[in-house]
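Here's what TrEMBL has on this protein:
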- 40-129: domain 'Cytochrome c' (DOMAIN)
- 138-226: domain 'Cytochrome c' (DOMAIN)
Amino acid sequence: MFKLNNIGMVVRYVFFFLLFVCSMTAEAADDSDWLSSRYSAISSNPEEFDRVYEAGRERATLCSYCHGIDGNSVKDGVPNLAGQNPLYLWTQIDHFASGKRKNFVMQALAKGFSHEDKLNLAIYFSANKVRVQSADPRRDRKGGILYARHCTACHGVSADGNQKFARLAGQKQAYIEKTLRMFKMNANVPNSATEAVRRSKKMEAVAGSLTDEEIVDLAAYLSSKS
């Protein structure tokens with residue numbers, strides 16, 4: 001009888017766990033459908049796009065201390081948001097809001113944003129022109145070879161990204177270097193509990209295969225691309 005009771009408890013736990021997973025999957029699918037349809041509607045209506053852009057500009061004052069008022073970062077360790085793929089931006093803000101991606105400041109801000117706020121910000125920043133950096137020709141050439149070898153499958157030939165993968169073209173060199181080193185560290189410390197750690201097996205594998213010099217080459221190449 002004891003064993004049967006234990007089996008019954010296990011079955012119930014499994015059932016509720018699967019129910020939870022299914023509900024989370026359905027919620028994510030609903031968000032993705034909403035995002036795609038809303039973004040398409042805004043993109044096809046110039047007046048609505050202008051309204052959303054202005055709404056995003058107002059919200060962007062909350063982000064300007066680190067990311068700059070137009071999305072061109074004013075701090076080396078903070079990413080440019082200008083020119084970023086808007087669907088990717090919305091997704092990352094949503095990940096901060098849900099806690100899937102962790103950073104104390106970003107989580108606190110993102111939790112106060114509605115879906116519309118997130119999209120307004122994403123469209124505002126994505127529509128602004130990113131200011132690229134100049135790269136040493138030698139590093140630019142070596143970085144281009146590394147990018148073609150390791151990065152194009154996900155981030156695209158031109159490093160423009162998509163909803164799942166960031167646009168890297170024009171990103172700040174210091175931020176790319178910091179992020180690649182973080183992924184490289186993660187590959188060597190698989191159970192790190194550091195709050196700011198971002199986990200990605202693909203990125204950890206790529207970054208783990210790069211030397212420190214190659215990381216600088218790759219970052220220099222990407223930061224100079226428009």
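Note that the numbers count up from 1, one per residue, in the order the chain is shown.
Even glycines carry a Cβ here, placed using N, Cα and C.
In TrEMBL, annotation is done automatically, which means it is predicted and not curated.
The average pLDDT for the domain 'Cytochrome c' (40-129) in the predicted structure is 96.
Mapped onto DSSP helix, strand and coil, the domain 'Cytochrome c' (40-129) counts 58 helix, 0 strand, 32 coil. Applying DSSP to the domain 'Cytochrome c' (138-226) sorts its residues as follows: 53 helix, 0 strand, 36 coil.
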